[in-house]
Amino acid sequence: MNSKNYNIVDGFNTIAPAYDMANDAMTLGLHRLWRRALCKKALKFSPKNSQILDVATGTGDVIIGLFSDRSDIHVTGIDASEGMLNIAREKFKSKANLFQKNIELLLANGLSLPFLDNSFHTVTVCWGIRNIRPYSAALREIKRVLKPGGSVIILESGRPEFKIVRSLYNSYSKLLPFIGEKISKYKPAYQFYKASVDAFPSGKQFVAELYDAGFFNAKYETLGASIVYLYSAQKPAVK
């Protein structure tokens, strides 16, 4: 498909009710473990009473994961899809005691974050940076709202580094639009997913993008036999 003509926000609004179920089916539930790795790394970089921003928060699972380990944090989640945020709000109703009111959800675009400079200790993005176009501008915007010395932690799909895994992934990824359609009844969203992952820089290439955006100490590790990448980088501290 021509991903340039695909409306990402409309797509997420359409698949929002089935989004979590589709993720379970397409990853055999492994997305939960990968998201958990992001949360643990984010909290490692977050001092006590941290202000954390979750960009492209979707149905809110990163926020739930963060609060599962820490109660001293305040998390703001933003997403451009009202449909996804509505699912998150429904989830949070049953977890009010977990959050202790230290949470805020906002409808907002990752290219124009509605926050002052130097507002957050940590920013997380889980399977979202690929969907914010251009992502280079999104990275600069994330850097703007981070406090000096703050960290960005990004979890994203990518093309596998290992040749044998890449061959298996290429075969399996062709099935994803059909699995997604079966569950969500909306095939274009998952056709876009495959096309966008294939076009997105991963590993060392995305680390270079982080450096170009002004971050330092940019690193990555692979998860799930290198079909998922976990990135971390810091905003330079004021000298």
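The backbone N, Cα and C atoms fix where each Cβ goes, and this holds for glycine too.
Annotated in TrEMBL:
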BINDING   Thr59, Asp79, Asn109, Gly110  S-adenosyl-L-methionine binding site
Proximal but sequence-remote residues of the same chain as Gly110 (S-adenosyl-L-methionine binding site) (Cβ under 8 Å, at least 6 apart):
Val55, Ala56, Ile78, Ala80, Val125, Gly128, Ile129, Ile132, Ala138, Glu141, Ile142
Which entry in the list of binding-site residues, Thr59, Asn109, has its Cβ near the fewest other Cβ atoms, using 10 Å as the limit?
Asn109
Under 8 Å Cβ-Cβ from Asp79 (S-adenosyl-L-methionine binding site), six or more apart in the same chain: what's there?
Phe12, Ala56, Thr57, Gly58, Leu85, Ala88, Leu105, Leu107, Ala108
